[in-house]
Amino acid sequence: MGAVERRTRPHPIRELLIVAALFLAYKVGRLITVGDLSTAYASATHVWSFERALRLPDEAALQQSVLSYHGLVRAANMYYTSLHFPATGALLLYTYLFRPDLYRWGRTLLAALTGVGFAIQALLPMAPPRLLSTTGVLDTGQIVGPRAYGDPATDTLSNQYAAMPSLHVGWATVVAIVLIAAGRTRWRWLWLLHPLLTLSVVVITGNHYWLDAVAALGLLGSILLLARRPQVSPGAAPAVVAPATYAAAPPTGVTRRRLVLTPDGWVDGRPANSARRFARWQGSGDAVAGALVNDRGAEPDPLRMHDTGVRRVDARRGDMDQEVVAAGEPEH
């Protein structure tokens, strides 16, 4: 873990409290946003009719195409009921431990998406397609199991009339976006399968309409435009050691100094009292190069990098030491 990443990691106790509050707000928020049931069913009817006008795929037809495969339907039910919170929690834990530069960003996206989503659900309660008889969509949890919700008439632990927007799809998309940002290979794009599978699952199980997912993605897109992007910590830079170059032999009594190549340019190093100096080449990518100059602090001329000097790389130890020998000085 680099120093930059360690400095960006927030305090663990505070973050545990924030994340716990986020998950608690999700559970409690769904209960306090229960709206008028007549409004919820009217909104669902309007959304269903609008989808048909847009000629979107029929959710009932998609469900019927897989309903005979009980194992697949059961897997979809388990995916819906069991993966939502663990996947999001795993993302927060992973980024906190290994990519704190992305942790704050992911946490902000989740918090903003959840908060605005609750506001929409409070203003626009909506029955899911499995509770709207005119859709022909069935409750696969009741048919095959496991069930995510109880009977709407007696279920006081959840709000089943909060279909719009789909926070299942929204959270899954946040997980994919952050993990794609954390990856470095082309395989990272496979994380997009998570929100795609989640979209298929919420429709097959009868818990959401297509437009619920569209609303969640549109909301997340707006948040992404407003949220501050993370300052990603730089990875290990390639180790580049500049060839040695020397100034003219300094006059007697003049203290020699070494220039060290840093990301900000050449800076004075520690004094050098002999012609032979060593520069340690760090395997982490922090490359330094030693060069002898006179007391006037003249910087090496890039055009004279090929001038006098013999380089030898000694790899007898785990680290690599570059020994710079002045021209004409015998080696021992």
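Glycine residues also receive a Cβ, built from the backbone N, Cα and C atoms like all the rest.
Summarising the annotation, TrEMBL assigns transmembrane segment to 12-29, 78-97, 109-127, 161-182, 189-204. Taken from TrEMBL, the feature domain 'Inositolphosphotransferase Aur1/Ipt1' covers 46-224.
Taking every recorded stretch in 109-127, 161-182, 189-204 and counting its Cβ pairs under 8 Å to the transmembrane segment (78-97), the highest total belongs to 161-182. Within the chain carrying the transmembrane segment (189-204), a Cβ under 8 angstroms from the stretch's Cβ atoms is held by residues 59, 62-63, 66, 73, 76, 79-80, 87, 140, 166, 168-169, 172-173, 175-176, 179-180, 183, 210, 212-213, all 6 or more beyond its ends.
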